[in-house]
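Everything on this sheet refers to the single structure shown next.
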C-alpha cells in the first residue's frame, strides 16, 4: 500500500451494486425494481414497496444516491462488465434524515442514470442489466435490519459511438494541485488503524484456516476447506497490504480527495483504481478499536475497504449485505464476496463474539 500524505485534485465517479441475487427466506416485505431504457445507455429505475407496511430504508449505495455507486449490474455475453465507481462504507447509527427514504405500501421512487458514465460500453452491442440485493432498513435513524430488492432483467442494444461519447464519471486528474497533507492526529489515527488492521486480519486469517468451525459457519455459511483457505488467503493479503505504507497495490488517502464523503460516509474505495479514501467521519465517529461485538471501528473499516480492492486480492469484494443481520443472511457464495462479512468475522475473532 502506498500511503499518500499529500492529496490531489480529482474529479467525479458513478454508480455500484450486487451482481449476485440475494435470497431472504420468509421476508414479507420487499422492494420491486422496474428497469427501462430511456436513451441509448440511459436507464430509469422505478422502486416500489410491495409490502403491506411503510418501510424506511437507507438509499445510499442504492437508487437515489447522487454519488457514483453501483445501482445495476451489466453483462455482455454472460460476462460482467467492469464497474468504475465507488464503494462506500456507511455509519449504522445516527443516520441523517436526508440519507433515508420512506415508502408507503405501493408507493414508488424513480431514479435515472447513464450506465455508460461508469462502465466502458464503447464496444456497443447487447447489454443485459439487472439489480438485486439487500437494503438496510432503519428505526429512529439506526439500521435495524434489511429488506430485499430485485429487478426485471433488461436487455438493450447499445450504439457504440453514442456510448463512447458519454463523459466518464471517474477521472483521475494529474497531480498538479497539492491540497492538505495527512499529518497530526489524522496521520497518527490512520497509522494506528493500519497496525490494528494487520493484527486483526492475521488473527482472522488463522481463525479462518484452523479456528472454530462454528464461528466460521456463522459468518461464511460453510466449513468447506476450500472456502476457509480462500478467506484466509484474502485476510492474509489484507494484512500484508496494511503492513507497508510505501509499497503495495493500493493508494490510501487520509482525506476525501474525490469529494464523495457525506455526513453518513466513513470511507470509500475505487476498486478500478485500487484507491481508498477516508472521510471526516472516520476520525470523529469511529473508535480505533471497538469493544462491542458487530460494532464499527477504524480498523475493521480499513479492513473492509481493503477487501474491496482487487489489487489486494482478486476479485475484490462487493457490498452484498451490510451489517450483521444482512451479512449473516447471505449464502456461502455471497458471503465469500461480501466486504462486511470479513470485517464482522475479524471483529468476532478479536472479541471472541
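Cβ atoms are placed via backbone N, Cα and C, with glycine included.
The feature signal peptide is assigned by Swiss-Prot to 1-19, with sequence analysis given as support.
The disulfide bond feature in Swiss-Prot is assigned to 182-254 (among others); the stated evidence is similarity to another entry. DSSP assigns residue 254 (disulfide bond) to coil, not to a helix or a strand.
Under DSSP, residue 261 (disulfide bond) is assigned to coil, being neither helix nor strand in the three-state scheme. Residue 261 (disulfide bond) has a Cβ environment of 21 other Cβ atoms inside 10 Å. For 261-279 (among others), the entry in Swiss-Prot reads disulfide bond, with the evidence type similarity to another entry.
Within 10 Å of the C-beta atom of residue 319 (Zn(2+) binding site) sit 25 other C-beta atoms, taking all shown protein chains into account. Residues or ranges marked as Zn(2+) binding site by Swiss-Prot: 304, 308, 319.
Residues or ranges marked as active site in Swiss-Prot: 305. Within the same chain, the residues at least 6 positions away from residue 305 (active site) whose Cβ sits under 8 Å from its Cβ are 87, 89, 267, 268, 269, 276, 339, listed in sequence order.
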| task | To the nearest whole angstrom, state the Cα distance for the pair residue 254 (disulfide bond) and residue 304 (Zn(2+) binding site). | result | 15
| Which residues, in sequence order, are found in the same chain with Cβ within 8 Å of the centroid defined by the Cβ atoms of 304, 308, 319 at the Zn(2+) site, excluding those residues themselves? | 87, 89, 269, 305, 307, 317, 318, 339, 340, 343
| Taking Cα atoms as reference points, which of the recorded positions 182, 304, 308, 319 is nearest to residue 279 (disulfide bond)? | 182
| Cβ-Cβ under 8 Å from residue 304 (Zn(2+) binding site), same chain, 6 or more residues apart: which ones? | 89, 267, 339, 340, 342, 343
| field | Secondary-structure category, per DSSP, in which residue 182 (disulfide bond) falls | value | coil
